[in-house]
Each structure stands twice: as structure tokens, then as C-alpha cells.
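> These came from TrEMBL, pasted as-is:
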type     : residues : note
TRANSMEM : 57-79    : transmembrane segment
DOMAIN   : 61-503   : domain 'Major facilitator superfamily (MFS) profile'
TRANSMEM : 99-119   : transmembrane segment
TRANSMEM : 131-156  : transmembrane segment
TRANSMEM : 188-205  : transmembrane segment
TRANSMEM : 217-240  : transmembrane segment
TRANSMEM : 352-373  : transmembrane segment
TRANSMEM : 380-399  : transmembrane segment
TRANSMEM : 411-430  : transmembrane segment
TRANSMEM : 451-474  : transmembrane segment
TRANSMEM : 480-499  : transmembrane segment
Amino acid sequence: MVASSSYKYQRLAHDEAELHQAGASTVLGPERTDFKGVVGASSIEKKPYFGMTGTQLNIWVTVACTTAMTLFGYDQGVFGGIIVTPDFLKLMGNPDANLQGTIVSLYDIGCFFGAISTFMFGEQLGRKKTFIVGVFIMSVGAIFQTCSYSVAQIIVARLMTGFGNGINTATAPVWQSETSKPSWRGKLVVFEMIMNIAGFSLSNWMTYGFSFVDGSLAWRFPIAFQLVFSVILFCTVPWLPESPRWLLAHGFEEEGVNVLVALEGSNASAEDEYILSQKGEILEAVRIEKETSPSWEDIIRGDTGDTGMIQRMVLGAGTQWMQQLVGINVTSYYLPLVLQNSVGLSNNLSRFLAACNSVSYLVFSFFGLALVERAGRRKLMMWGAAGQCVCYIWITTLLSKADDPVSGSKYGAGATLFFFIYYIFFGICWQGVPWLYPTEINSLSMRTKGAAIGTASNWISNYLVVQITPIGIASLGWKFYIIWIVFNFVFIPLVWLVYPETANRHLEDIDKLYRENKGMIFVFNNKEAIQVERPQKFIDADTERTNLS
């Protein structure tokens, strides 16, 4: 099946290249092309991508990727409101804390296997086709969830929805990063994660609003609303450009250059110095990877030569593990439940505060957009972990006194405040970087696989956190939050010691860093590895390569 798809893609790309040379233009319709001057030709001449180039085209790629991430955020938040909906609980047989955790967390297992699947077929299909497969599977799962009438049905449907979302979340950041200019890349991927928060906020307000509705509509409509995002994706992804890096890496040299030109803008041409420099940089990275890239058997044995492949893959996956272990999904999936069971608030007030918190979370996340290139990835992760650690210290201390019959409500209100502040730190510092980092730290040939492993790491760690949270709250009470204090504290020195800076770099700069620093693990004493500005020697190398071209 994969070979057949790849062959068809190659034939299509080859035909388009020949027709382009002959002065033909691509059109949408049964007859794809029209030669200028051919008598009797009936097709209407149209330009690729509806004539859009440069910033316009970049914006539409971003629309597709941010829609996928908005859907991801919506899915993360929607079940937090549904799991406390009376009609849903009654229909599912009033599940206990353990079964509630299973229903919610099996979605993450689906996401895990979806991400792993891109590891196996994503590189062969390309970014676009992989994306479309994920959207289709997720849409079918959303329909099944909406129509569920039993625990078994809802579990199967959530597994299917998760599988599709796992594919999307492993693909969208890679596609975005490979079609973006270096100066935009970090901001665009972080913007995607801001829209993830927007989806999360929307789901909170959706479930809060529908909590005033009687019957199954209170939870079926919020689930069905996912299909709105699917429609947007089906209407945008098919006509957008494939990743130029994927095209060049798979032998579609002319097509890859044409996409680079289209992404650069209407005044660019294949002979421009900047385009030639980009092409040369990518092809050089591809050549080196082909010569030095180990097989999976070599990777499993730990025999990876001087590429730093294992270290880089572990670092990328590590950011996703850390994102979950700082404690975000203790509250993302369960904030209404946490406010009810830990703080002692009513169902309605818990839902309302969760929805208000999501707006605060969204607003402050825009600061991350401004800081991701200016402060860099390392500082954001360290600052965030420090602030989140302090928040959980206060949450734990205040909740330990919330049972006091006289002043317990005041302590509960104080704990709620620090839940809000925690989200501010996470939104600014940790929401976007763990999704950006795996796409930057991994080599070109490993970028799809590395992003898939990173995303799979997110989902399996997400599953563990979501599965244990209701049980932990029920059995440990306020002591449960000590776990997240420890994790946040440990991550501060960990990031400082071993995580290189990837801000303001070309994707190929990281390859050079690891080739020139063989076996590098600790980076804190390597100025070129940790400085926020792009090292001057990489700039000089680009200039020299351009002059030689």
C-alpha cells in the first residue's frame, strides 16, 4: 500500500515538473493541465496553491497546523467537563474513580499508538498524506464517541479518536517547522500550541454552557463539535505544499526547489542566492545523513557513530516526558474534579472557574510567543519549572489545611489561586517548547521518527498521569501534589546541564553542532551550544557556501 502511494506520488510529481518546464500550469479538475498555445485545450489555466506565495502561503500552512492543534486542545479539555456530567455518568453506570481514569486515559493510549504509527509510515507517505490519514481516523472516532451508549463503545471510540490525534500531533509540528523560515519557526510552533490552549478554553466553556442543558445533548454536542475542525482540515491540507525538505530528501529536487521558491515569495526564483543556499544546506545534510546514518539495528545496539542520534532523540522525547511530569494534566483533564474533590467547591462553580482559568491560560500564553526566540528554549523551560515548583508548594501547603472547619474555605480559595498562577507559568514557558524541540534537535533523516517518538512519549506519560490522578487524589489527598513539586525541582538543573539551545538556528545547524562535538552529553560549558544567538561560524559557513554556488 505504501509503495503504491509512493509510486503514484512520484508519477504525479514527475508529470507536474515536465508540464511546468513546458509552460503548463496545474489546475484543479479532471484535466490537470493546459499547455499554452495548444489548439482545442479545454482546461482553465490556474496557478499552484491558488496563486498564493510567500507570507500568504505560509499563513495557510499555519492555519492547517494550528487547526489540528486547536482540535488537540479541545479534545484535552472536553472530557474534563463531561466526566462530571450527570447524564453521562448515569448512562455509563456511574463509574468509580478507577474506571473514570480508564475512560479518560485510554484516549492517550490511542494517541501513543497513532504517534508510533507515523514512526513506521510517515516518512514514506510524506507530511501531507500522513496528516490527512490522521484527520480521517480522528473524525470517525469523534462520530463513534457522539453515538456511544455504553462504556465499551466510548472506550473504543476514544481509542480511535486518540489514534488519529496521535498521527496529527506527530506530523503538524514537523510540517510547520519544515515549511517555515528560521526566524518564524519557533513563533509559529508556539502559536500552534497557543491555539491548543484556545481549543482547551473553548471546550471548557462549551461543557460549562451545556451543563445547563438536560439529557444527553449536554455531552454529545460538545463531542460532536470536534467535526468542525475536521472539515476545516479536509478543506485546506490537500492543496497546500508538501515539505520542501521531505521532497529534497526523497529525490524530488525540482519540486522541492519550487516549493522553496513559493514559500519565499512571488519575487523569488530558483536561481536566487538564498534559495540556492537553502537547497545546498538541505542536500548537504541529506548527503551526510545517508553516509553516516545508522540503521535501527545499530541504534538499538547503541552503535550510532558520531551523529549523536541517540542523545538527540532522547533529548527530544525528554521534553515531552517533562511536560507531563510537571503536572499539567493533573489539572487539564480533571480541573473541575480537582476543585470539587480537593478544594470542596460545587459542581457548577468548579466548571465556571475551570472555564475562567482557561481564558487566563490562553491570554498569558501569548507571552511565550514573544519570548521563545528572545529568551530561547532553555531559559523558558528552567523559568517555567521553577515557577511551577513554587506554585505546587503553595497548593500543597494550603490544601493540607483546607479541611479546617473554620478557615478551610480561605485555604481552598488560596489553593485555587495558585492553580491559576501555575497555568500562567506553564502557558508561557512549557506549553510550546516541548512540541517544538523534537522537530529541531533531531537530524533531517530522523526528524519524522524523532518527532513521532517525542509525541509518543508525551502520550504514554500523559496516560500515566491521567490514569493515576483520580486515584491519587482520592487516596492521598493533598499529599498527592508533593509528587509534582519534586519533578519540577529536578527538571531545573537537568535542562541546564544537558539541553542545547535550538533558538535562532537553521535546522541543519544542530547536525553540525553534534558532528563537531562528538559524544557531547553535557552542554552547560559549551558557549555555542547554549547561546541564544546563532553562532557566527554557522553564518560564515552559509556565506561561504553561497559564494561557492
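Each residue, glycine too, has its Cβ placed from N, Cα and C.
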> At a C-beta cut-off of under 8 Å, are there same-chain residues at least 6 beyond the transmembrane segment (352-373) that contact it? List them, or none.
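77, 80-81, 183, 186-187, 190-191, 193-194, 197-198, 200-201, 204-205, 208, 335-336, 339, 345, 380, 416, 419-420, 423-424, 426-429, 431-433, 436, 503-504, 532.
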> Limited to the domain 'Major facilitator superfamily (MFS) profile' (61-503), I'd like the whole-number average of pLDDT.
87
> Where else in the chain does the transmembrane segment (451-474) make close Cβ contacts, counting only residues six or more beyond its ends and a cut-off under 8 Å?
97-98, 100-102, 104-106, 108-109, 111-112, 114-116, 118-119, 122, 162, 166, 169-171, 173-174, 313, 316-321, 323-325, 327, 329-330, 333-334, 337-338, 341-342, 434, 437-439, 442, 480, 483
> Can you tell me which parts of the same chain pack against the transmembrane segment (57-79), counting only residues 6+ beyond its ends and a CB-CB cutoff under 8 A?
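Contacts of the transmembrane segment (57-79) (Cβ under 8 Å, skipping residues fewer than 6 from its ends): 49, 103-104, 107, 131, 134-135, 138, 161, 165, 168-169, 172-173, 175-176, 179-181, 184, 188, 191-193, 195-204, 206-207, 222-223, 225-226, 229-230, 232-233, 236-237, 240-241, 262-263, 329, 332-333, 358.
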> At a C-beta cut-off of under 8 Å, are there same-chain residues at least 6 beyond the transmembrane segment (480-499) that contact it? List them, or none.
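Cβ under 8 Å, 6 or more out: 315, 319, 322, 325-327, 330, 377-378, 381-382, 385-386, 388-389, 392-393, 395-396, 399, 469, 472-473, 521-524.
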> Checking distant contacts: for the transmembrane segment (131-156), what same-chain residues at least six beyond its ends satisfy Cβ-Cβ under 8 A?
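Here the qualifying positions are 64, 68, 71, 91-93, 95, 99, 102-103, 106, 110, 114, 125, 162-168, 171-172, 175, 220, 223-224, 226-227, 230, 233-234, 237-238.
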> Sequence-remote contacts (6 or more beyond its ends) of the transmembrane segment (188-205), Cβ cut-off under 8 Å?
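Beyond its ends, the transmembrane segment (188-205) has Cβ neighbours at 58, 62, 65-78, 80-81, 172-173, 176-177, 180, 222, 229, 332, 351, 354-355, 357-359, 361-362, 365-366, 368-369, 372, 427, 431-433, 435-436, 439.
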